[in-house]
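As structure tokens, the structure follows; a few thoughts come after it.
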């Protein structure tokens, strides 16, 4: 028998405000404490080169593992959410990040740091970031771009974290700085408590039928669709006791905008199945939804994943190597840290403006996204011309503005393109493939430096990846026509 525990306030439409702004605050803090500290790895990069006398390629693996796991662990995060719930998953992620930084303070080698500063914070970041992103999409629709931009602007606060990190390293050495980073990340435990579950009532109720379960869906584009989940032997979730008594079975309706909640923690934990057999059926249904092969038949999945993969690969190369390149040009490391600060300020402002403009719906969001990617590519191809501090600052300003513009639109563009697919599965699988590329990005850039003894090749590589990442969005109209021809 199905029972619902706890009282969840039902709504007939997405809030676009209210408690949703508390979710944005949590998402903002995730970007400040986790993503912001990830970006300050550029400063630790130089310190580790001196401390462990490693090559750029070897040390690049630390940042590469940290960055890629945030994406690669996407499917794992969805499974953990299904088991523990979104709030608990986020709290677990905060503890993992904290533990990673604390253990890293005892590091004696680069391989040790690859595990403690690469794997653990990367895995914890995946838990924190994906949960916050998915919950945000549940609370916002019309203001999704703006709310996401405000949340992601926290990443831009590296303009405070960069000099602060350098100050901590000078004052307490790199070991003390990592201990303090762990303490700071622990603040995400109470902020994760803000992740209150939400349930959106479906306007067109449709029950689970005898031949497979049919879920009423209202996607991001407000098109009514149906997701059919064929369970083992096409069986349905029924109250076995009620059925034997000859009473009608109960229907369960889930709106598509919140359909992932059915197999995510908040709703899953309120559904208690008394029969082990029925529990197995629901678990099987969840796994099939999580690894839904229908995504591989969706052209929009390929369009988004291609762009997401290459843009994330390109983004972390200049981020990690900017300070190191400034040092090779004879610029003092403290002055170089100001480059990161300026980039953080402008990226923050750019994200908020980009999100607000996109929410006006003057043109489709992916057009803005595509334009920013092209501009990022051109900027990085011109980066080797910046050989003095003023020119390097000019490059930093341009790149921060354009990067902030496209970063603010990743989640809104995903929601627009995923259509009938739930955000959790679409984002998780796309992130997995993107993470595989991000894993190789910084080491490749480091190898290029070790081979050429200049960072020019790294920035050329980043620029080419940005230009290639924009190509897939030119196929969106073609994919839309193909989709329309099937209906």
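Heads up, the Cβ atoms here are built off N, Cα and C, so glycines get one too.
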From the ranges 60-80, 207-227, grab the one Swiss-Prot calls transmembrane segment. 60-80
Quick check on residue 325 and residue 172: does Swiss-Prot annotate them with the same topological domain, i.e. the same side of the membrane? yes
Under 8 Å Cβ-Cβ from the topological domain 'Extracellular' (165-174), and at least six residues away from its ends along the same chain, one finds 37, 40, 43-44, 47-48, 51, 180, 333-334, 337
Secondary structure composition of the topological domain 'Extracellular' (321-337) [DSSP: H/G/I, E/B, coil]: 13 helix, 0 strand, 4 coil
Verify whether three or more Cβ pairs under 8 angstroms connect the transmembrane segment (426-446) with the transmembrane segment (60-80), leaving out any pair fewer than 6 apart in sequence. yes
Mean of the pLDDT scores, which run from 0 to 100, over the topological domain 'Cytoplasmic' (480-487): 77
Same-chain residues at least 6 beyond the ends of the transmembrane segment (175-195) with a Cβ under 8 Å from one of its Cβ atoms are 22-23, 25-26, 29-30, 33-34, 37, 86-87, 90-91, 93-95, 97-102, 104-106, 117, 124, 128, 131-132, 135, 165, 168-169
Reported in the order helix, strand, coil, what are the DSSP residue counts of the topological domain 'Extracellular' (447-458)? 9 helix, 0 strand, 3 coil
